[in-house]
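A.B. asks: The following feature annotations were taken from Swiss-Prot:
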type: BINDING; residues: Asp104, Asp106, Asp108, Gln110, Glu115; note: Ca(2+) 2 binding site
type: DOMAIN; residues: 158-193; note: domain 'EF-hand 4'
type: REPEAT; residues: 322-407; note: repeat 'Solcar 2'
type: REPEAT; residues: 419-507; note: repeat 'Solcar 3'
type: TOPO_DOM; residues: 1-233; note: topological domain 'Mitochondrial intermembrane'
type: TOPO_DOM; residues: 252-288; note: topological domain 'Mitochondrial matrix'
type: TOPO_DOM; residues: 309-331; note: topological domain 'Mitochondrial intermembrane'
type: TOPO_DOM; residues: 346-381; note: topological domain 'Mitochondrial matrix'
type: TOPO_DOM; residues: 402-424; note: topological domain 'Mitochondrial intermembrane'
type: TOPO_DOM; residues: 443-481; note: topological domain 'Mitochondrial matrix'
type: TOPO_DOM; residues: 502-513; note: topological domain 'Mitochondrial intermembrane'
Amino acid sequence: MARPRSLVSPLLSGVFCQCDTVGGAPHTHDTPASPSLAAALAADPCGGLVCGGPEHETRLQILFQELDVNKDGGICINDLAVGLKRLGVHRTELELRKIVKAGDKDQDGQLDFEEFVHYLRDHEKKLRLVFKSLDKKNDGRIDAQEIMQSLRDLGVNISEQQAEKILKSMDKNGTMTIDWNEWRDYHLLHPAENIPEIILYWKHSTIFDVGENLLVPDEFTVEEKQTGMWWRHLVAGGGAGAVSRTCTAPLDRLKVLMQVHASRSNNMSMLGGFTQMIREGGIRSLWRGNGINVIKIAPESAIKFMAYEQMKRIIGSDQETLGIHERLVAGSLAGVIAQSSIYPMEVLKTRMALRKTGQYQGMLDCGKKILLKEGVSAFYKGYVPNMLGIIPYAGIDLAVYETLKNAWLQRYATSSADPGVFVLLACGTISSTCGQLASYPLALVRTRMQAEASVEGAPQMTMSKLFKHIVKTEGAFGLYRGLAPNFMKVIPAVSISYVVYENLKLTLGVQSR
């Protein structure tokens, strides 16, 4: 059988030191390196990448000159794209931007020689940590079983055949195992730190904000927690959610109006609903309730994250990440805790969305009037159906997403586990839609209970009585009032969230994808 051809040219693999950096001590050299290289390697004389000897510095300089296409003493994104292509290495524009951004210390848009060496050294250290985490047997080699086990720990199930396909893409000598040099050579000048990051390609709860923050939280590795990347992910996700919710707020308010006011006798259409809102309060009225909807993102995300981590400890898992069923249990309990903590804000959001012009001066005035007129209990109306809706929403969303993810990995992932933006958005959209469809009747009952006191002549009912009343007077279809605008906002919400999330990650220095 023909041996797989290396994806790295001899020039690229030749810049590396062949020291046993995983298990042994690095070489030392009598000949000192130049000042620029010495500065780059001061913290780690060998670094596993360059020993500091003249032959290695020469190879680095040759590689740098090869990538410096326009010969201006710096490697920009265009230089990197053209130079790597000449060497037989293909990277996406996003990957190239991340490489330059990660190494560009003076932020001039390009890498000089010292920055180039710094980037390679730092990246090599990350690759070494990942290699060690994958090498379960601690024998200096990675086999298919170790790949499968590592991904299983991260919630990604692949077959042995699939693991072997991934293995073959990196195995240069046909042994069906990967040693340190093969692993490092394959990932040279690639911004990801790689196979365990398959799970990062598939993280979606912080990316896809469709306005219903009931998703199971993402898993963060020990390294992400230690380096502070976890809070950067949360901030990026919160910012993405704020922009996404603001852009789709008119559809969200229309959904609330249709849930509360639409009936057989008042068959409100989408066009009629928008016309009614604009006629009553002008264009700005389309965004009523959006302020509180955005504000509640921060406390809810923070509480959910802390509660999720605590639930993991209570469950007692000794794994760094949980299995699917454990994630569902821990995520659902964390969702209950977070929703219980911020539920009064949910009631305020509904009341603000339903308010008439001049009814309230703002969120605080709304809260004050509800408290004086209806008492504290008003802030927890609809609490029970809201809590009951968490499990079907989160469970179905997670199950559908995991099913689609693993189906894609089994069928299409060969040398790369990166699904691409389209697959990510499609999986997130489909899973979120299924979750909402299952929990929508509970969401509608919750909204009507929250709005009862603000609707003239509306009866005060318990959850079960309201269910029976809706089915009796409107039929089963009545439990799905407002579903059309709710589904219409999913695709734009997911798309906007993803774009903003990716840009905020780069701004915050998150280089995990």
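Backbone N, Cα and C define each Cβ position, glycine as well.
Small disclaimer: the values here were computed from a predicted structure and weren't measured.
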A.B. asks: Whose Cβ lies within 8 Å of the mean position of the Cβ atoms of Asp104, Asp106, Asp108, Gln110, Glu115, the Ca(2+) 2 site, other than those residues?
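C.D. replies: The answer, listed by sequence position, is Gly74, Val100, Gly103, Lys105, Gln107, Gly109, Leu111, Asp112.
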A.B. asks: Can you count the other CB atoms that lie within 10 A of the CB of Asp104 (Ca(2+) 2 binding site)?
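C.D. replies: That number is 18.
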A.B. asks: Can you tell me which parts of the same chain pack against the topological domain 'Mitochondrial matrix' (252-288), counting only residues 6+ beyond its ends and a CB-CB cutoff under 8 A?
C.D. replies: 211, 245-246, 350, 352-357, 443-444, 447-448, 451, 455, 473-474, 478, 481-482, 484-486, 489
A.B. asks: Is it possible to get the count of other C-beta atoms within 10 angstroms of the C-beta of Glu115 (Ca(2+) 2 binding site)?
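C.D. replies: Here the count is 21.
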A.B. asks: For a quick check of packing: other C-beta atoms within 10 Å of the C-beta of Asp108 (Ca(2+) 2 binding site), how many?
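C.D. replies: So the Cβ neighbour count for Asp108 (Ca(2+) 2 binding site) comes to 11.
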